[in-house]
Amino acid sequence: INPTSITIITLSIITGTIMTMSSSNWLMAWIGLELNMLAILPIISKPKTTRASEATIKYFLTQAIASAMMLLSSTTNAWQTGNWDIPELKNKFSTTIMTLSLMMKMGAAPIHFWLPEVLQGTTLQTALLITTWQKLAPISLMYMISNNIQPALLMSAGILSMIVGGLGGINQTQLRKTMAYSSINNLGWTIMIMALSPNLAVMNISIYIIMTTPIFLMMTNMSTKTLQNLTTTWTTSTTTTLSIALLMLSTSGLPPFTGFMPKMLALNELITQKLTTLATLAIMTSLFSLLFYLRIAYLIMVLTSP
């Protein structure tokens, strides 16, 4: 892609996200999301392979359906209440449809099917973009309407995402798919705690983004795409290999790493609200995800020490 196109695409992605995050009107938010989606399509389809084309089409179709649901929801709400403001989403039907459409845009379970497939079909840099930057706009919208969403909906979606993210990642050998399931798992925590403490959800997703970015950058640097590639990375750079292992453990929420903090605060919040069963379920599902993170760390650190 030539420099002019890259500049236009990058600016469009940034503008779209900022536009959605700063708008108070549903139509402006929708325009921002559309701009964002259209700008990222050429990036996904950049590798001239059938996998990349397939990933582009999958991404486009899911995002287009989610956008249509979003329009339906906001229009129904405006029709009922005469109001286009984002926090004024008072209609029950509209709120449910809107929540589902935002979850589809982020790739949370039960509408997560597109995420691992799309990531597997693109480059590592694009995968990084989809798992981090592309989640900011939908999450900010969910944050704005979090007071109106039924907590049961958010919590069940959150637990489901944790289970899917944990179990899906266990038998993966492809690192991009593993990172996709890791993203679904982390989204589960974010969505679940959004019902009780939206600020905590924002902190959770921020820490996740801060930890995922260097993992992807280091993988790109060493062009590592499978678990098998990881076992030989120490020959090129021991420091990088060790850093990936530690970051993986941190993302899994293993104490004493950073990733443990948002999980602990979320559990604390759940127990304070007398939701002990939900907290127990959340802990059990995080063990699934810990399993595949530990396997990666084990492959890196134990099997092939220099």
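Glycine too: its Cβ is placed from the backbone N, Cα and C atoms.
The domain 'NADH:quinone oxidoreductase/Mrp antiporter transmembrane' annotation in TrEMBL covers 23-289.
Here the transmembrane segment (152-170) has long-range neighbours at 96, 99, 103, 108-110, 112, 116, 146, 177-178, 181-195, 275, 278, 281-282, 285-289, 291-292, meaning same-chain residues at least 6 beyond its ends whose C-beta is under 8 angstroms from one of its own. Residues or ranges marked as transmembrane segment by TrEMBL: 152-170 (among others).
Under the heading transmembrane segment, TrEMBL lists 191-217 (among others).
Residues or ranges marked as transmembrane segment in TrEMBL: 237-257 (among others). For the transmembrane segment (237-257), the list of distant contacts is 182, 186, 208, 211-212, 214-215, 218-219, 221-222, 230, 263-264, 286, 289-290, 293-294, 296-297, 300-301, 306: same-chain residues at least six beyond its ends, Cβ to Cβ under 8 Å.
The annotation transmembrane segment is assigned in TrEMBL to 278-301 (among others).
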Using Cβ atoms and a strict cutoff of less than 8 Å, what residues sit near the transmembrane segment (278-301) while being 6 or more residues removed from its termini?
155, 159, 162-163, 165-167, 169-170, 172, 178, 181-182, 185, 188-189, 192, 227, 230-231, 233-234, 241-242, 244-246, 248-249, 251-254, 263, 266-267, 270-271
